[in-house]
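Here TrEMBL flags 139, 217, 550 as active site, charge relay system. If you look up TrEMBL, you'll see 34-107 marked as domain 'Inhibitor I9'. What TrEMBL lists as domain 'Peptidase S8/S53' is 130-595. Residues or ranges marked as domain 'PA' in TrEMBL: 378-464. Among the features that TrEMBL reports, domain 'Subtilisin-like protease fibronectin type-III' is placed at 664-769. The signal peptide annotation in TrEMBL covers 1-27.
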């Protein structure tokens with residue numbers, strides 16, 4: 001089946017239109033809200049010595065209302081205003097845009113080897129483990145005492161670094177070093193929204209008003225990207241091995257924009273982008289996305305706007321694809337200048353078996369490390385058979401102790417945290433838990449450090465266990481925990497939760513861009529909370545195992561640090577291209593990667609260009625570079641007017657008289673959209689790409705095409721001849737669809753590829769062909 005083209009739903013603004021996103025201007029009886037204002041910086045009257053004076057004089061009646069002033073990746077300010085004050089500010093003729101401050105959510109070791117990194121050769125040694133590169137991590141802060149952040153034997157901090165070590169609660173200047181070169185926290189937007197409780201005060205038993213990490217997520221992502229390499233690590237015995245990040249010598253700059261239990265606000269995130277670029281980071285890792293399941297247009301998305309400002313200044317930005325898979329069109333962070341990363345598994349697992357009283361053994365996963373059941377059989381019960389939804393989900397206070405005491409309880413996945421369900425069972429007197437996936441989660445499993453004996457099972461296994469319980473007079477079971485198992489096949493597999501395409505804003509740009517390890521990832525952890533994150537979990541652990549696209553994005557951030565160190569002249573687009581065109585689409589069985597949710601073959605809507613393969617990305621042969629002007633042309637092509645584009649680019653732009661087409665952005669993947677044909681005649685589209693040779697000067701590449709059934713793909717010229725004088729060459733790809741012979745999958749698409757080969761390199765671009773229903 002096809003889908004409606006989202007461009008038909010996109011608000012296109014003329015140059016005189018004032019953008020106002022969900023801005024309420026009713027009575028002053030409503031509380032103050034935080035708004036972000038985009039101002040035409042060139043309109044400042046010369047009478048004002050600074051933009052601050054201009055903003056506080058002409059836009060704001062009360063200067064104390066100003067929260068942030070942006071001047072690097074974005075030009076404007078944020079302020080906490082009543083509706084009438086906001087209305088007054090909106091009338092200023094120099095205002096380009098205004099939008100509400102929104103809350104965002106976090107997209108919550110063996111993976112370096114799995115990515116193709118080896119100690120004595122390849123990208124690690126070629127890049128000196130990323131030692132000259134500074135990775136900015138936008139997250140919940142850092143627990144600086146962890147061994148992963150030691151600066152032992154590191155050289156001096158790069159001279160270009162201009163950042164600071166911001167002190168605060170339980171965080172001093174000594175918490176920074178040659179590894180953690182800078183740390184800041186951003187809380188003004190959070191506090192203005194009442195995020196720290198009445199009066200803006202902070203509950204110090206829950207959070208630190210400093211860069212210190214009270215949540216654990218930021219420590220985990222920072223050490224995944226750039227944790228030191230040298231010591232044994234595990235989580236309560238699980239996943240033992242040598243601790244290491246992807247770029248072990250890269251420097252870390254920490255930007256705490258997210259707060260425990262209360263998320264992250266756009267105004268603070270935008271301030272972090274503004275500050276990080278001024279500080280001198282080379283890479284930004286942001287495992288944050290929209291919490292509403294809806295992707296805003298780029299001009300309403302501060303992550304897209306801030307990232308554009310960073311990328312336009314040479315900073316690579318890696319972002320998470322979101323955890324709303326396997327639903328179609330669930331991928332987030334869609335801007336083409338972002339590198340959007342989905343999640344895959346690695347070849348390590350933590351199996352556990354549910355053994356039923358009838359002798360049946362069913363496979364699941366668990367990170368439970370407490371006293372085992374030792375094979376003892378216990379009665380098993382499913383509270384969901386009563387028809388009460390809260391009981392089936394094991395919500396707080398939903399279980400009858402008389403029903404579950406002394407028993408293993410089946411809990412359905414969903415609504416409340418997986419580990420919290422186990423605590424509900426424990427409080428009600430249960431001895432263990434089986435966590436059963438629903439249909440939406442399929443067979444996708446992640447391990448959790450449960451506080452009671454517990455095992456997660458897929459949807460099919462869950463149904464079998466429930467059927468056994470309902471058909472047996474006396475149903476019993478036990479759970480056996482098997483520890484850590486390596487060499488799992490198949491791997492990688494696309495994680496069931498990983499955000500999927502197509503791109504909900506511009507399906508001409510394939511998203512996600514690629515996938516990286518994001519399931520059961522071992523990395524450093526905070527001392528502020530236990531491994532489950534529950535307040536009742538008093539355990540302390542140096543490392544924790546987490547899953548999510550939050551874990552996959554920092555793998556790509558670390559990879560970008562290595563590539564930037566090895567190729568300092570490469571642009572963010574070139575680094576992204578090197579990763580995408582060398583990504584793998586096969587697993588360790590040499591078969592097409594499968595989808596964890598269905599067990600079937602996955603597609604580019606699931607994995608983008610494929611799974612990150614750093615063994616090849618250092619030497620990609622060819623790259624597809626993209627300039628700032630190219631991005632502006634793309635924004636013109638999707639119908640944005642000059643003033644709307646200026647909201648993103650900060651500087652005025654002009655669109656060409658003849659409107660370009662978005663498909664011609666020099667992207668490393670190709671997405672061909674065709675309207676459903678009524679004539680039955682073949683339809684064609686031609687795409688232009690420019691390849692830049694970054695390999696041997698005198699190289700000859702030949703095109704190899706894999707065309708899906710019902711589609712013809714031709715390439716002109718079919719051969720690219722590079723020399724010392726010819727480093728860039730343009731070619732055209734024509735995609736012709738014969739609707740009568742086209743058999744689309746459930747996503748309304750078919751898939752092929754174009755590869756350029758020179759005998760050593762394979763420069764591969766996926767081709768997605770989609771039919772859309774015209775309005």
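All positions are counted from 1 along the displayed chain.
Each Cβ is built from the backbone N, Cα and C atoms, and glycine gets one as well.
Residue 139 (active site, charge relay system) and residue 217 (active site, charge relay system) are 7 Å apart (CA-CA, integer value). Sorting each residue of the domain 'PA' (378-464) by its DSSP state yields 28 helix, 18 strand, 41 coil. Per-class residue totals from DSSP over the domain 'Subtilisin-like protease fibronectin type-III' (664-769), listed helix then strand then coil: 4 helix, 60 strand, 42 coil. When the alpha carbons of residue 550 (active site, charge relay system) and residue 139 (active site, charge relay system) are compared, the span between them is 10 angstrom. Here the domain 'Inhibitor I9' (34-107) is broken down by DSSP into helix, strand and coil counts: 23 helix, 27 strand, 24 coil. When pLDDT is averaged over the domain 'PA' (378-464), the result is 91.
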